[in-house]
Amino acid sequence: MSKKLHIKTWGCQMNEYDSSKMADLLGEYQGYTLTEEAEEADILLLNTCSIREKAQEKVFHQLGRWKTLKDKNPDLIIGVGGCVASQEGKAIKDRAHCVDIIFGPQTLHRLPDMIEQVRRGEKAVIDVSFPEIEKFDRLPEPRAEGPTAFVSIMEGCSKYCSFCVVPYTRGEEVSRPSDDIILEIAQLAEQGVREVNLLGQNVNAYRGATHDGGICTFAELLRYVAAIDGIDRIRFTTSHPIEFTQDIIDVYEDTPELVSFLHLPVQSGSDRILTAMKRGHMAIEYKSIIRRLRKARPDIQISSDFIIGFPGETKEDFADTMKLIEDVAFDHSFSFIYSARPGTPAADLPDDVDMEEKKQRLAILQDRITQQAMRYSRHMMGTVQRILVEGPSVKNPMELRGRTENNRVVNFEGLPKHIGSFVDVEIVDVYTNSLRGKFIRGEDEMDLRRNLRPSDILAKHKQDDDLGVTQFKP
């Protein structure tokens with residue numbers, strides 16, 4: 001009877017990536033297979049996020065539900081990872097006695113060892129340290145699950161925005177060596193991946209070591225990835241405006257594999273609030289980045305993050321945010337009502353904006369961005385869009401689902417053979433959350449460029465010594 005693993009994930013794409021690596025790790029080294037049903041699992045892992053309001057209480061509520069399963073099965077192992085575990089490890093241990101393992105984002109690679117410690121009778125094994133880049137050296141080779149893949153290129157953040165817990169839960173910025181990233185993407189491309197999304201809390205701050213002792217910038221890494229045959233689309237998230245340098249903007253001018261869509265969080269359009277947030281830039285500097293981006297890539301579309309009701313935010317401050325939204329013409333946003341995060345400098349500020357006022361401002365902001373997004377979508381009517389076919393349509397499994405460069409879902413009638421490849425479709429209808437397309441041509445009728453085959457990169461790295469032990473070298 002196979003051993004079962006259940007993982008519940010909350011939060012950002014980095015957490016989704018980490019959870020997939022936990023599954024790979026425990027599958028590779030201990031033979032666990034994933035299950036959607038917590039009731040049939042031998043191990044339950046909760047990968048937590050501390051960004052949202054009442055994150056800690058949400059964790060304890062979930063653990064309370066899992067405790068009933070452990071009462072029935074004392075051999076069940078329960079682990080808590082992610083940012084809440086990193087921040088509140090001792091509190092979790094003291095309050096939730098059903099928890100066996102507590103680990104941080106940088107120590108998930110030690111899960112097999114921690115599980116063995118529990119099997120030997122140890123109680124509440126905790127490791128929320130920050131061993132920098134060690135975890136990437138201990139993870140199994142990547143496994144593709146469809147034509148798109150996330151690849152983590154760096155961890156942590158050193159910006160210390162006044163509202164944010166990330167530097168305290170994931171540590172400061174640490175970049176992976178560039179050769180390791182290129183090798184991982186080449187391995188994914190060999191398995192059929194066509195689009196990669198490069199991940200980091202502050203991804204454009206990437207400065208990775210090269211094999212010859214140099215430093216690879218984020219702009220250089222983008223060009224290296226674009227040269228890998230089979231990788232025809234590159235996305236990245238999340239960026240910080242103060243690291244969005246001209247060399248990155250230049251990549252948009254000469255690298256078509258980099259999509260015409262960018263998520264660049266700004267949080268507020270008020271210079272006064274941006275200063276209180278310790279963002280390190282003003283609204284005019286943000287608009288300067290967007291202006292230069294649109295000069296390099298005229299059709300690029302921008303999404304952002306907004307925090308509504310930050311301490312001290314006046315109606316005039318909110319009006320500045322709405323003015324920025326109009327000036328930039330954002331296509332999408334993730335917008336939230338401010339709530340204090342324990343341990344951050346902003347938590348000491350008086351939360352003096354009325355909750356009803358916050359809700360009204362949030363509704364106004366979201367309504368405006370929805371209008372702008374629909375305007376962009378309507379402009380796509382009648383155009384031919386190249387989409388990457390990801391699988392069957394969610395609502396109608398007899399149809400296919402793909403995604404445009406500007407991150408819109410398109411449903412269309414097509415043959416299953418197109419899954420995992422690019423097709424051109426004409427946009428024939430527009431909905432709030434998706435588009436309707438008509439199939440025009442398949443990939444066999446396109447002229448997709450070929451530069452550097454993944455097998456060339458793998459061969460370059462792979463070397464067998466006299467004993468037949470495989471090593472990977474630059």
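One-based numbering along the chain as shown.
A Cβ is built for glycine as well, from the same backbone N, Cα and C atoms used for every other residue.
Noted in Swiss-Prot for the protein shown:
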DOMAIN    3-120  domain 'MTTase N-terminal'
BINDING   C12, C49, C83  [4Fe-4S] cluster 1 binding site
DOMAIN    143-375  domain 'Radical SAM core'
BINDING   C157, C161, C164  [4Fe-4S] cluster 2 binding site
DOMAIN    378-441  domain 'TRAM'
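Annotated features, which come from Swiss-Prot, shown on the structure.
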{"residue": "C12", "record": "[4Fe-4S] cluster 1 binding site", "Cβ within 10 Å": "19"}
{"residue": "C49", "record": "[4Fe-4S] cluster 1 binding site", "Cβ within 10 Å": "19"}
{"residue": "C83", "record": "[4Fe-4S] cluster 1 binding site", "Cβ within 10 Å": "26"}
{"residue": "C157", "record": "[4Fe-4S] cluster 2 binding site", "Cβ within 10 Å": "23"}
{"residue": "C161", "record": "[4Fe-4S] cluster 2 binding site", "Cβ within 10 Å": "21"}
{"residue": "C164", "record": "[4Fe-4S] cluster 2 binding site", "Cβ within 10 Å": "22"}
* Structure fact -> For [4Fe-4S] cluster 2, residues beyond C157, C161, C164 with C-beta within 8 angstroms of the site's Cβ centre include exactly K159, Y160, F163, V165, V166, P167, Q201, N202
* Specify the nearest of the binding-site residues C157, C161, C164 to C49 ([4Fe-4S] cluster 1 binding site), where nearness means the distance between Cα atoms. => C164
* Write down the Cα-Cα distance for C12 ([4Fe-4S] cluster 1 binding site) and C164 ([4Fe-4S] cluster 2 binding site), rounded and given in Å. => 14
* To do: Fill in the CA-CA distance, C157 ([4Fe-4S] cluster 2 binding site) to C83 ([4Fe-4S] cluster 1 binding site), as an integer in Å.
  => 13
* Model confidence over the domain 'MTTase N-terminal' (3-120), averaged pLDDT -> 90
* May I ask for the distance between C12 ([4Fe-4S] cluster 1 binding site) and C161 ([4Fe-4S] cluster 2 binding site), taken between their Cα atoms and rounded to an integer number of Å? => 18
* Structure fact -> For [4Fe-4S] cluster 1, residues beyond C12, C49, C83 with C-beta within 8 angstroms of the site's Cβ centre include exactly W10, G11, M14, N15, T48, S50, I51, G82, T169
